[in-house]
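**Q** Here it is, the structure, as structure tokens.
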């Protein structure tokens, strides 16, 4: 077709070679021919578009992309690309107008050409992609159970039922752990790879988590095109010792999403679920059958049943074979499937065909497909027909006797996952014969008892062993009890004399018994000390009762009995008069995972009101243990009622306590205890009994006004006027609450919520909030926000409805509303919004969360968001500015920080000299040294130096106090850089002391691969130097407060109450609890009279995987520690005793500093109060 002016030629109709896919661009070409001798300008436009015969609006339905203007030279053809991008299925018809005119034509000619334009009709068919997926199970790939380090591949068959070419994209969606375990491969996994290690398989296969493919169109009358994609699951590697108690198998869940490979968002065509379980394959067989000795005559057969038990936590398929051909041994069955805990017997047969056959083979038990493999030794001997190996009866007169010091071993209760060792002694009573004995544990629960014996330099745990005892020799046998379930366990230790095969000897047994699981009691709503509890009763009035309500919770796995006794002092000598102290209930049974509210009613006498200071009113002892043990003791006392006086010391207070009487709720316990009665049941009961000490401290009304010490353990909070007045004047940047709040706002609500009536005790409040203050760390761009939490406690016996209001632009709170069950508590999670990571200038931020509960009652929780500062920044800010209203931080806010996972170092940077020392330097002078960093890896590493905290200074004066320098005592240059592979970097360090003393500072080297800034890890080194004044320079006894700050001064502003634990103490600057740390950084001794002494145990924990050396710096008097050094093993803790021995009346504080070999210091604040002598 040609136009009248430009003579351009175009086809009348244009079609696509096949159907088009919805959402995907399809391309065709419009051929435009210029047959003239002139240059022509061509204009192309769309006149109309119809879908399935109905016209559509051109402006609303844009599905065509093409070049609308083109210039064509003489006698040439221009191929114009036309892209068709359908958004809906159907038949599309589009009419193009093609006009042409000479390049130099006038406007009138152009108008006439457009009026006489040629028309081209484009026809296209669009189809929605239809991809069918074939799997073994419908829309599901189950990889089954695999061992750690194993792998498996399953096929995924994709069939394109669309008449259009469809580009598809397969994506694995899972959490961070499972995502690493599932990958794709287009290549099939060959059978030869089944025995190859997983690392070799991955080397041969591309293992992406996203895969793309172009699926060809299907045509009528032909088989549809299909694609097979292999999904690989490779289990993570994990080392578990053979004696470790197994948890349930790990389950990995993921999903394969199949979608159209388009740059625009497209819906998922199909989703396939993935599931795999990973665990330990562990097969147990009796130890005495690990070597099987069979005897048979020719042409006959002897069989031995070998029980195999799946002691792992996953299903296993066993391949059981005797590998060598021509063996006289056979096994049935040769394959076996076992579920966890399932046991099945296989039969080993010995059928000799040769009268001289004497055979030894190996029976291999292989866990498919990757192991492990177990081996059993098979020995077969031929005996003459009609004869069997002879077993002679023992001759009592010729058998030397074996003596034992115990007739039985009874353990009582042992927590699940723990072990307990007992020993017995065996004596060879013979004067001339050496005894060869075999020890074997048998019985229904033999898997829970093991023999511990020394093999070379290591100790081993087995169910059998052999020993030799020389004449008149004693030997100790150690038996380990490791319960794995909540039940009573029975077994027996068989002791058998070994001799020649025809005279096997004799055996006798020692019964073994114990039970798994124990109770464990804690007290709630009272102050927790290092090894006891304390509660304070203020505002005492002689003759007026005061009630203390708290909870006893059983966190163990068995029911516990509880007996509460009140004493006048901590020496357990004088019982308190019931008129003064009453406890309800005082004897009860508490089932596992439950709690019981206990009320102490204290009625002080007139004589006690003479105390004008805090005094210890009484000490309550809670005697507790397992209820199953109490029932055993009760059963034993029926036979021997007077045995308690023979067991307990004459003056023991336990002699006067009847534990066999009826206890409250004892009939609710349904635990089964089928242990046999033993003569030591009563000894076990008293030996396993535990006690919890609760000290009741009180003040009378006249003395409270003179005290600065407020006890936060009581639920009735006391808030000073200065604190409430400053509630509207927060330090730092304070944002207004932007959400609507019901009821009054500002100070009236604050005073109403925080200050309850003075004449009501905490137990009378219908509901409370704990804690009332939270400190959160600001989120960083590369890390998740840290989550804090508080609890709403419902103290009533009815259901309470609550609703929360908070500044939503800064905080995320969940749940926002709901109900609290009677006499229970609900946890509320609070976290800063991730958008705050880009608004560092607004910190610190303070705000309020309003809690509306119980038909209009209101309380608030104060929230502060602080920057995630380094230790150096923290100390600088501590020393330079006061805190806002949130300076006293309750203990729970510290424990709410999330601990990061420990990762292996991402670089091979090494510090050659981890301790850099400087020569003696005069104040005001400088000295230099250098630090060497060496990169042993093959990648370039970016490094950066930062100080962990200001420098410590000791020896400034004769007091021995430790100071912190407020100036830069050590300067490094350069501070950062890039260290190439296998190169060494020297960093120049300058020591600039301004005062005399011994200086020490710890620095971090933060390293990461140059192209992977997210893979950071840190190394630490120490700088130390000594500054001594010149001999002719006079000593200045005054210490400059501008350059040195005493560490005690840094600590004091952080506390308003001695029992509050702030997250800002130097001992807890490492907020993530890596390495050595102290869970509590403040320890307060009970009031102690002058001349007496009290002891507390400071808890230190090593959360790392290496042993750390600790050095203890002695605190000031009257606090004393006996130890100076200690090596703390990995994943262990110590309780270090600290004594408080006051010599004068008053309040004392000191700092106990623990230095670690990794360059970190932990500071523990010690507080004690000394009272006058009686």
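Any Cβ shown, glycine's included, is placed from N, Cα and C.
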**Q** Quick one: which of 656-677, 678-699, 744-765, 766-787 does TrEMBL have down as region 'Disordered'?
**A** 744-765
**Q** Which is it, of 700-719, 720-739, 800-819, that TrEMBL names as region 'Disordered'?
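**A** Region 'Disordered', as annotated by TrEMBL, spans 720-739.
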**Q** Is the count of Cβ pairs under 8 Å between the domain 'Cep192-like' (523-698) and the domain 'Cep192/Spd-2-like' (400-517), pairs 6 or more apart in sequence, 3 or more?
**A** yes
**Q** Could you please provide the mean pLDDT value for the domain 'Cep192-like' (284-382)?
**A** 83
**Q** When the domain 'Cep192-like' (1072-1171) is classified with DSSP, how many of its residues are helical, how many are strand and how many are coil?
**A** 0 helix, 58 strand, 42 coil
